[in-house]
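Colleague: Dumping what Swiss-Prot says about this protein:
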type: TOPO_DOM; residues: 1-32; note: topological domain 'Periplasmic'
type: TRANSMEM; residues: 33-55; note: transmembrane segment
type: TOPO_DOM; residues: 56-75; note: topological domain 'Cytoplasmic'
type: TRANSMEM; residues: 76-98; note: transmembrane segment
type: TOPO_DOM; residues: 126-145; note: topological domain 'Cytoplasmic'
type: TRANSMEM; residues: 146-168; note: transmembrane segment
type: TOPO_DOM; residues: 169-182; note: topological domain 'Periplasmic'
type: TRANSMEM; residues: 183-205; note: transmembrane segment
type: TOPO_DOM; residues: 206-211; note: topological domain 'Cytoplasmic'
type: TRANSMEM; residues: 212-234; note: transmembrane segment
type: TOPO_DOM; residues: 235-260; note: topological domain 'Periplasmic'
type: TRANSMEM; residues: 261-283; note: transmembrane segment
type: TOPO_DOM; residues: 284-302; note: topological domain 'Cytoplasmic'
type: TRANSMEM; residues: 303-325; note: transmembrane segment
type: TOPO_DOM; residues: 326-349; note: topological domain 'Periplasmic'
type: TRANSMEM; residues: 350-372; note: transmembrane segment
type: TOPO_DOM; residues: 373-401; note: topological domain 'Cytoplasmic'
type: TRANSMEM; residues: 402-424; note: transmembrane segment
type: TRANSMEM; residues: 428-450; note: transmembrane segment
type: TOPO_DOM; residues: 451-461; note: topological domain 'Cytoplasmic'
type: TRANSMEM; residues: 462-484; note: transmembrane segment
type: TOPO_DOM; residues: 485-493; note: topological domain 'Periplasmic'
type: TRANSMEM; residues: 494-516; note: transmembrane segment
type: TOPO_DOM; residues: 517-549; note: topological domain 'Cytoplasmic'
Amino acid sequence: MKRVLTALAATLPFAANAADAISGAVERQPTNWQAIIMFLIFVVFTLGITYWASKRVRSRSDYYTAGGNITGFQNGLAIAGDYMSAASFLGISALVFTSGYDGLIYSLGFLVGWPIILFLIAERLRNLGRYTSADVASYRLKQGPIRILSACGSLVVVALYLIAQMVGAGKLIELLFGLNYHIAVVLVGVLMMMYVLFGGMLATTWVQIIKAVLLLFGASFMAFMVMKHVGFSFNNLFSEAMAVHPKGVDIMKPGGLVKDPISALSLGLGLMFGTAGLPHILMRFFTVSDAREARKSVFYATGFMGYFYILTFIIGFGAIMLVGANPEYKDAAGHLIGGNNMAAVHLANAVGGNLFLGFISAVAFATILAVVADLTLAGASAVSHDLYANVFKKGATEREELRVSKITVLILGVIAIILGVLFENQNIAFMVGLAFAIAASCNFPIILLSMYWSKLTTRGAMLGGWLGLITAVVLMILGPTIWVQILGHEKAIFPYEYPALFSISVAFLGIWFFSATDNSAEGARERELFRAQFIRSQTGFGVEQGRAH
């Protein structure tokens, strides 16, 4: 069961984590030249986009937010691209391949966080912020302490994601392309730095859009071919899958993936609220011109993601029929070649031949590049905008801020490559769960309460936010994944895999208590400023739009 839960954490979109789609032993595959050629075409095309974008990046606004000129539809595709990761594509289809109906329940769980973003966050975030979520949290609170906390929360999440991403990139490429792990990690790191350094948000947005379109096309074709095989009948699809799956009719029974209600609730809360606290997702709402376009972004993103997760369900059941029952895709021991996470890739070969297999492999690699570019830009903006320009050197010019941002991109890229190599054989699945827990326990409570609770003060936000962050990290370390599986202790001090239920509670209680007991003059002034903030958040008066953003 622990392995199943680890696999669950591994499919966080988070994620956007190819690392999580590849769990267990990795068997290097023969060199796939079709995949390599198609991937090189993608790289050349996206580098051309980066060159085009670099000619249009003239200011801080252009670099961080593409000048605020991305449409709601385009931004929705880009946001969906962040979520439609290699982990989602390979991991969830593998989950359906092994567990059946439970895979659909889990994949749809990713969508639960989006109504929160749509109804509670998107409009006010766009009306109050400029470049990062810290702009919103610090709107009426003390700039220095709040920006330091927000930047730390963002950087920890970005660092955890990047490490897991780089390890996953190496493993995934070893599986799909037959290339050396270290070459793959360096290649991803270099391309990531080029996209962000020269093209900024404009380049990363269009890379995400192109990747999302390619992935939706590939997944749609696979699902179409599977349904064609069964006469476009879901009844035939499920019947044939049950007939060949080792579990038989049990693959249609839900409830076998989480061991107890506390774990289920904690995992669900982490996914739901963590989504609303991911820095690279929140940053995308500043790329549109106004709150209306921000709402449209979430609407389109939710539609694309919902469609995609339905496709992965069909792909998973198709893999049961066409891959699981075909000895051509099994090794001598009867296991799927490359592991269960290769189910969707083998299905691509089964329905479209070697050429389509190369296409799907190249798209899977492209998903990694697109997501790491977004993560890197989010981390760089936290350092250059939140820390450098608003804490350490107030009044810095745009040119100085952009220089710091680009230096940070280089540093993050080099660190990501080094750590990707060092963590090659380490268990990094816990990093995804920890990233979501921190986003849900530190970033989300402060952003939400700063926009909705008039009695919030800097003291409450600081103490509650740090308590949430520290609680998430400590409980994750004391839990079964790190304390037992990595550190080798016999029994975990904290019995649950996911800390979000407890760390989120600590954060909200801490923020409420320390704000409610803050009787300082500064606290009173911050409460009085809420009315002006509320008017701005509702009307958008004073918000910068379009080219002036």
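A Cβ is built for glycine as well, from the same backbone N, Cα and C atoms used for every other residue.
Mind mapping these onto the model and telling me what they sit next to?
Modeller: Packing against the topological domain 'Cytoplasmic' (56-75) from elsewhere in the chain are residues 130-132, 198-202, 205, 209, 283-289, 292-297, 299-301, 377, 381, 385, 398, 401-402, 405, 544-549: each is 6 or more residues past its ends and has a CB under 8 Å from a CB in it.
Using DSSP to sort the residues of the topological domain 'Cytoplasmic' (126-145) gives these counts of helix, strand and coil: 11 helix, 0 strand, 9 coil.
When Cβ-Cβ distances below 8 Å are used as the criterion, the transmembrane segment (146-168) is approached by residues 14-22, 86-87, 132-134, 137-138, 185, 188-189, 277-280, 368, 371-372, 375-376, 378-379, 382-383, 386-387, 390-391, 412, 415-417, 419-420, 423-424, 426, 428-429, 431-432, 434-435, 438-439, 442-443, 446, 458, 461-462, 465-466, 469 of the same chain, each at least six residues removed from its ends.
Secondary structure counts, DSSP: the topological domain 'Periplasmic' (169-182) has 10 helix, 0 strand, 4 coil.
A Cβ distance under 8 Å defines the sequence-distant neighbours of the topological domain 'Cytoplasmic' (206-211), meaning residues of its chain 6+ beyond its ends; these are 42, 45-46, 49-50, 53, 74, 77-78, 81-82, 195, 363, 366-367, 369-370, 373-374.
The residues of the topological domain 'Periplasmic' (235-260), classed with DSSP into helix (H, G, I), strand (E, B) and coil, number 15 helix, 0 strand, 11 coil.
Same-chain residues lying 6 or more positions outside the transmembrane segment (261-283) and placing a CB less than 8 Å from one of its CB atoms are 5, 8-9, 12, 14, 64-65, 79, 82, 109-110, 112-114, 116-117, 120-121, 125, 131-133, 153-154, 157-158, 201, 371, 374-375, 377-379, 381-382, 433, 435-440, 442-444, 447-448, 496-502, 504.
Here the topological domain 'Cytoplasmic' (284-302) has Cβ contacts under 8 Å with residues 64-66, 68-73, 75-80, 82-83, 111, 114-115, 117-118, 122-127, 129-132, 201, 205, 540, 543, 545-546, 549 of the same chain, all six or more residues outside its ends.
Within the chain carrying the transmembrane segment (303-325), a Cβ under 8 angstroms from the stretch's Cβ atoms is held by residues 76-77, 80, 83-84, 88-89, 92-97, 100, 103-104, 107-108, 110-111, 114, 212, 215-216, 219-220, 222-223, 225-227, 229-230, 237-238, 240-241, 244-245, 251, 336, 343-344, 346-347, 350-351, all 6 or more beyond its ends.
Long-range contacts of the transmembrane segment (350-372) within its own chain (CB-CB distance under 8 A, at least 6 residues past either end) are made by residues 16-18, 32-39, 41-43, 46, 81-82, 84-86, 89-90, 162, 165-166, 168-169, 172-173, 176-177, 188, 191-192, 195, 204, 207-208, 210-211, 214-215, 218, 221-222, 225-226, 229, 280, 318, 322-323, 326, 329, 344, 416.
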Colleague: Determine how many residues of the topological domain 'Cytoplasmic' (373-401) DSSP places in helix, in strand and in coil.
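Modeller: DSSP composition of the topological domain 'Cytoplasmic' (373-401): 24 helix, 0 strand, 5 coil.
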Colleague: Is it possible to list how many residues within the topological domain 'Periplasmic' (485-493) are helical, extended or coil according to DSSP?
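Modeller: Counts, helix then strand then coil: 2 helix, 0 strand, 7 coil.
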Colleague: Can you name the far-off residues of the same chain, 6+ from the ends of the transmembrane segment (428-450), with a Cβ under 8 Å from a Cβ of it?
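Modeller: Those are 6, 9-10, 12, 14-15, 17, 19-20, 23, 120-121, 125, 133, 136-137, 139-141, 146, 149-150, 153-154, 156-157, 160-161, 163-164, 167-168, 269-279, 282, 456, 461, 464-466, 468-469, 471-473, 475-476, 481-482, 486, 497-500, 503-504, 506-508, 511, in sequence order.
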Colleague: Could you tell me the mean pLDDT the prediction assigns to the topological domain 'Periplasmic' (1-32)?
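Modeller: Mean model confidence (pLDDT) across the topological domain 'Periplasmic' (1-32) is 45.
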Colleague: Please give the sequence-distant neighbours of the topological domain 'Cytoplasmic' (451-461): residues at least 6 beyond its ends with Cβ less than 8 Å from one of its Cβ atoms.
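Modeller: Distal contacts: 120-121, 124-125, 128, 136-137, 141-142, 145-146, 149, 510-516, 518, 520, 522-523, 526-527, 530-531, 533-534, 537.
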Colleague: Near the transmembrane segment (183-205), which residues from the same chain, at least 6 beyond its ends, have a CB less than 8 A from one of its CBs?
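Modeller: Sequence-remote neighbours of the transmembrane segment (183-205) are 43, 46-47, 49-51, 53-54, 56-57, 62-67, 70, 74-75, 78, 165-167, 169-170, 172-174, 177, 283-284, 287, 368-370, 372-374, 376-377, 380, 406, 409-410, 413-414, 416-417, 420-421.
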